[in-house]
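Feature list (source: TrEMBL):
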- ASN6, LEU7, LYS8, ILE138, GLY173, ALA194, SER195: substrate binding site (BINDING)
- HIS85: active site, electrophile (ACT_SITE)
- GLU133: active site, proton acceptor (ACT_SITE)
Amino acid sequence: MFVLVNLKAYPCDPVEVAEAAHEVAEESGVRVAVAPQAADLRAVAETGVETWAQHVDPLAHGSHTGSTLAERVADAGADGTLLNHSERRLKLAEIDGSLSAAERVGLDTVVCANNPEQVAAAAALGPDAVAVEPPELIGTGTPVSKADPDVVTDAVEAAAAVDDSVDVYCGAGISTGDDVESAAELGATGVLLASGVAKADDPKAALEDLVEPL
Ligand SMILES: O=C[C@H](O)COP(=O)(O)O
(Lines of atoms letter the chains of each structure in order from A; the text may use other names.)
(Lines give C-alpha, C1' and ligand atoms only; values in the text may rest on other atoms or scores of the structure.)
Protein backbone atom coordinates (compact mmCIF):
# COMPACT_ATOMS: atom_id res chain seq x y z
CA MET A 1 0.00 0.00 0.00
CA PHE A 2 1.08 3.54 -0.82
CA VAL A 3 0.35 6.15 1.85
CA LEU A 4 0.19 9.63 0.28
CA VAL A 5 -0.17 12.46 2.80
CA ASN A 6 -1.50 15.73 1.39
CA LEU A 7 -0.69 18.67 3.67
CA LYS A 8 -3.20 20.91 1.81
CA ALA A 9 -2.85 24.42 3.26
CA TYR A 10 -2.97 23.25 6.87
CA PRO A 11 -0.80 25.20 9.33
CA CYS A 12 1.49 22.26 10.15
CA ASP A 13 5.30 22.26 9.90
CA PRO A 14 5.89 20.54 6.53
CA VAL A 15 9.47 19.58 7.36
CA GLU A 16 8.48 18.05 10.70
CA VAL A 17 5.83 15.93 8.97
CA ALA A 18 8.24 15.04 6.15
CA GLU A 19 10.95 13.93 8.59
CA ALA A 20 8.43 11.81 10.47
CA ALA A 21 7.13 10.30 7.22
CA HIS A 22 10.66 9.52 6.04
CA GLU A 23 11.47 7.79 9.34
CA VAL A 24 8.25 5.79 9.31
CA ALA A 25 8.82 4.73 5.69
CA GLU A 26 12.38 3.62 6.52
CA GLU A 27 11.34 1.79 9.69
CA SER A 28 8.27 0.06 8.22
CA GLY A 29 9.29 -0.49 4.61
CA VAL A 30 5.95 1.03 3.55
CA ARG A 31 5.96 3.58 0.72
CA VAL A 32 4.97 6.92 2.31
CA ALA A 33 4.97 10.27 0.49
CA VAL A 34 4.19 13.86 1.50
CA ALA A 35 2.54 16.52 -0.70
CA PRO A 36 3.28 19.99 0.71
CA GLN A 37 2.46 23.43 -0.66
CA ALA A 38 4.56 24.27 -3.76
CA ALA A 39 6.69 26.72 -1.76
CA ASP A 40 7.73 23.90 0.59
CA LEU A 41 8.60 21.25 -2.02
CA ARG A 42 12.37 21.71 -1.89
CA ALA A 43 12.58 21.71 1.91
CA VAL A 44 10.40 18.61 2.10
CA ALA A 45 12.37 16.79 -0.62
CA GLU A 46 15.61 17.54 1.24
CA THR A 47 14.40 15.38 4.15
CA GLY A 48 14.67 12.37 1.83
CA VAL A 49 10.95 11.58 1.89
CA GLU A 50 9.13 10.83 -1.36
CA THR A 51 7.73 14.23 -2.29
CA TRP A 52 4.64 15.10 -4.29
CA ALA A 53 3.22 18.36 -5.58
CA GLN A 54 -0.44 19.12 -4.94
CA HIS A 55 -0.95 20.36 -8.51
CA VAL A 56 0.89 21.32 -11.70
CA ASP A 57 -0.51 23.52 -14.44
CA PRO A 58 -1.02 22.35 -18.04
CA LEU A 59 1.72 24.70 -19.22
CA ALA A 60 5.33 24.92 -20.35
CA HIS A 61 7.78 27.79 -19.77
CA GLY A 62 6.37 31.12 -20.91
CA SER A 63 4.32 34.15 -19.86
CA HIS A 64 2.18 32.43 -17.21
CA THR A 65 2.32 34.52 -14.03
CA GLY A 66 1.24 32.68 -10.89
CA SER A 67 1.50 29.24 -12.44
CA THR A 68 3.06 26.05 -11.07
CA LEU A 69 5.24 24.49 -13.76
CA ALA A 70 6.00 20.78 -13.77
CA GLU A 71 9.61 21.63 -14.64
CA ARG A 72 10.08 23.72 -11.48
CA VAL A 73 8.27 21.18 -9.32
CA ALA A 74 10.57 18.41 -10.57
CA ASP A 75 13.62 20.64 -10.14
CA ALA A 76 12.58 21.26 -6.52
CA GLY A 77 12.76 17.52 -5.91
CA ALA A 78 9.21 16.30 -6.43
CA ASP A 79 8.66 12.72 -7.52
CA GLY A 80 4.99 13.05 -8.43
CA THR A 81 1.94 15.27 -8.49
CA LEU A 82 -1.71 15.15 -7.56
CA LEU A 83 -4.09 16.48 -10.19
CA ASN A 84 -7.75 17.44 -10.07
CA HIS A 85 -8.02 17.25 -6.29
CA SER A 86 -11.53 17.92 -5.03
CA GLU A 87 -10.27 21.27 -3.74
CA ARG A 88 -8.44 22.07 -7.02
CA ARG A 89 -10.76 20.86 -9.75
CA LEU A 90 -9.66 21.08 -13.40
CA LYS A 91 -11.47 20.91 -16.73
CA LEU A 92 -10.97 17.67 -18.69
CA ALA A 93 -8.59 19.32 -21.16
CA GLU A 94 -6.59 20.78 -18.26
CA ILE A 95 -6.21 17.36 -16.62
CA ASP A 96 -4.95 16.02 -19.93
CA GLY A 97 -2.54 18.95 -20.32
CA SER A 98 -1.28 18.66 -16.75
CA LEU A 99 -0.70 14.93 -17.23
CA SER A 100 1.36 15.70 -20.33
CA ALA A 101 3.34 18.32 -18.41
CA ALA A 102 4.00 15.89 -15.55
CA GLU A 103 4.99 13.07 -17.89
CA ARG A 104 7.33 15.43 -19.80
CA VAL A 105 9.48 15.76 -16.66
CA GLY A 106 9.00 12.26 -15.26
CA LEU A 107 6.61 13.00 -12.40
CA ASP A 108 4.30 10.21 -11.23
CA THR A 109 0.64 11.17 -11.43
CA VAL A 110 -2.53 10.61 -9.41
CA VAL A 111 -5.77 12.03 -10.78
CA CYS A 112 -8.47 12.49 -8.14
CA ALA A 113 -12.12 11.75 -8.83
CA ASN A 114 -15.39 11.97 -6.90
CA ASN A 115 -16.93 8.67 -7.91
CA PRO A 116 -16.43 5.52 -10.05
CA GLU A 117 -17.76 7.24 -13.20
CA GLN A 118 -15.14 9.97 -12.91
CA VAL A 119 -12.53 7.30 -12.10
CA ALA A 120 -13.24 5.66 -15.46
CA ALA A 121 -12.89 9.00 -17.26
CA ALA A 122 -9.66 9.79 -15.40
CA ALA A 123 -8.20 6.33 -16.08
CA ALA A 124 -8.81 6.86 -19.80
CA LEU A 125 -6.30 9.73 -19.72
CA GLY A 126 -3.51 7.35 -18.70
CA PRO A 127 -2.29 8.52 -15.28
CA ASP A 128 -0.23 6.24 -13.05
CA ALA A 129 -3.12 6.13 -10.57
CA VAL A 130 -6.54 7.51 -9.78
CA ALA A 131 -7.81 8.34 -6.29
CA VAL A 132 -11.51 8.10 -5.53
CA GLU A 133 -12.64 10.55 -2.85
CA PRO A 134 -16.31 11.23 -2.07
CA PRO A 135 -16.14 15.00 -1.32
CA GLU A 136 -18.71 14.77 1.47
CA LEU A 137 -16.37 12.55 3.52
CA ILE A 138 -13.21 14.66 3.10
CA GLY A 139 -11.98 16.02 6.42
CA THR A 140 -14.72 14.29 8.41
CA GLY A 141 -12.67 11.51 10.01
CA THR A 142 -15.30 9.08 8.69
CA PRO A 143 -13.31 6.75 6.41
CA VAL A 144 -14.53 6.09 2.88
CA SER A 145 -13.29 2.51 3.23
CA LYS A 146 -15.88 1.93 5.95
CA ALA A 147 -18.62 4.51 5.29
CA ASP A 148 -18.91 3.85 1.56
CA PRO A 149 -17.02 0.64 0.67
CA ASP A 150 -18.96 0.20 -2.58
CA VAL A 151 -17.50 3.39 -3.99
CA VAL A 152 -14.02 1.87 -3.58
CA THR A 153 -14.84 -1.53 -5.08
CA ASP A 154 -16.78 0.12 -7.92
CA ALA A 155 -13.85 2.47 -8.58
CA VAL A 156 -11.43 -0.47 -8.75
CA GLU A 157 -13.74 -2.20 -11.21
CA ALA A 158 -14.28 0.97 -13.28
CA ALA A 159 -10.56 1.66 -13.62
CA ALA A 160 -9.74 -1.96 -14.51
CA ALA A 161 -12.40 -1.92 -17.24
CA VAL A 162 -10.62 1.02 -18.88
CA ASP A 163 -6.95 0.32 -18.17
CA ASP A 164 -5.85 -2.30 -15.68
CA SER A 165 -2.39 -0.76 -15.39
CA VAL A 166 -3.85 2.26 -13.55
CA ASP A 167 -3.62 1.91 -9.77
CA VAL A 168 -6.61 2.88 -7.64
CA TYR A 169 -6.23 4.69 -4.35
CA CYS A 170 -8.99 5.87 -2.05
CA GLY A 171 -9.22 8.85 0.24
CA ALA A 172 -11.47 10.86 2.56
CA GLY A 173 -11.55 10.35 6.29
CA ILE A 174 -8.67 7.83 6.37
CA SER A 175 -6.81 8.24 9.65
CA THR A 176 -5.97 4.84 11.17
CA GLY A 177 -4.23 1.61 10.22
CA ASP A 178 -7.60 -0.07 10.43
CA ASP A 179 -8.92 2.30 7.72
CA VAL A 180 -5.91 1.54 5.51
CA GLU A 181 -6.38 -2.20 5.99
CA SER A 182 -10.06 -1.89 4.99
CA ALA A 183 -9.04 0.05 1.87
CA ALA A 184 -6.59 -2.71 0.90
CA GLU A 185 -9.26 -5.37 1.41
CA LEU A 186 -11.52 -3.46 -1.01
CA GLY A 187 -8.83 -3.56 -3.72
CA ALA A 188 -7.20 -0.14 -3.32
CA THR A 189 -3.41 -0.14 -3.61
CA GLY A 190 -2.97 3.15 -1.80
CA VAL A 191 -4.62 5.79 0.36
CA LEU A 192 -4.70 9.57 0.04
CA LEU A 193 -5.15 11.36 3.33
CA ALA A 194 -4.60 14.72 4.94
CA SER A 195 -6.16 15.78 8.24
CA GLY A 196 -5.37 12.53 10.08
CA VAL A 197 -1.67 13.44 9.87
CA ALA A 198 -1.52 17.19 9.12
CA LYS A 199 -3.79 18.04 12.05
CA ALA A 200 -2.44 15.41 14.46
CA ASP A 201 -0.75 16.52 17.69
CA ASP A 202 1.90 13.88 17.00
CA PRO A 203 2.24 13.31 13.21
CA LYS A 204 4.81 10.53 13.64
CA ALA A 205 2.51 8.55 15.94
CA ALA A 206 -0.34 9.03 13.45
CA LEU A 207 1.86 7.76 10.61
CA GLU A 208 3.06 4.78 12.66
CA ASP A 209 -0.54 3.83 13.33
CA LEU A 210 -1.39 4.11 9.61
CA VAL A 211 1.32 1.67 8.50
CA GLU A 212 1.07 -0.68 11.49
CA PRO A 213 -1.09 -3.38 9.80
CA LEU A 214 0.85 -3.32 6.53
O1 LIG B 1 -6.08 14.83 -0.13
C2 LIG B 1 -6.62 14.29 0.83
C3 LIG B 1 -8.05 14.07 0.88
O4 LIG B 1 -8.80 15.17 0.44
C5 LIG B 1 -8.56 13.50 2.17
O6 LIG B 1 -8.53 14.44 3.21
P7 LIG B 1 -8.81 13.93 4.70
O8 LIG B 1 -7.85 12.83 4.98
O9 LIG B 1 -8.60 15.14 5.56
O10 LIG B 1 -10.25 13.46 4.72
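Even glycines carry a Cβ here, placed using N, Cα and C.
This view paints the features noted in TrEMBL onto the structure.
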residue : record                       : Cβ within 10 Å
ASN6    : substrate binding site       : 24
LEU7    : substrate binding site       : 25
LYS8    : substrate binding site       : 19
HIS85   : active site, electrophile    : 22
GLU133  : active site, proton acceptor : 27
ILE138  : substrate binding site       : 20
GLY173  : substrate binding site       : 26
ALA194  : substrate binding site       : 24
SER195  : substrate binding site       : 20
> Are any of the binding-site residues ASN6, LEU7, ILE138, SER195 near ligand 1, with a Cβ under 6 Å from it, and if so which?
Replying inline: ASN6, ILE138, SER195
>> Please give the substrate site's span as the largest CA-CA distance among ASN6, LEU7, LYS8, ILE138, GLY173, ALA194, SER195, to the nearest whole angstrom.
In response: 14
> In angstrom units, rounded to an integer, how far apart are the Cα atoms of GLY173 (substrate binding site) and the residue listed as 'active site, proton acceptor'?
Replying inline: 9
> In Å, rounded, how far does the Cα of LEU7 (substrate binding site) sit from the Cα of the residue listed as 'active site, proton acceptor'?
Replying inline: 16
> If you measure the residue listed as 'active site, electrophile' to the residue listed as 'active site, proton acceptor' at Cα, how many Å is it?
Replying inline: 9
> Expressed to the nearest Å, what is the distance separating LYS8 (substrate binding site) and the residue listed as 'active site, proton acceptor' at their Cα atoms?
Replying inline: 15
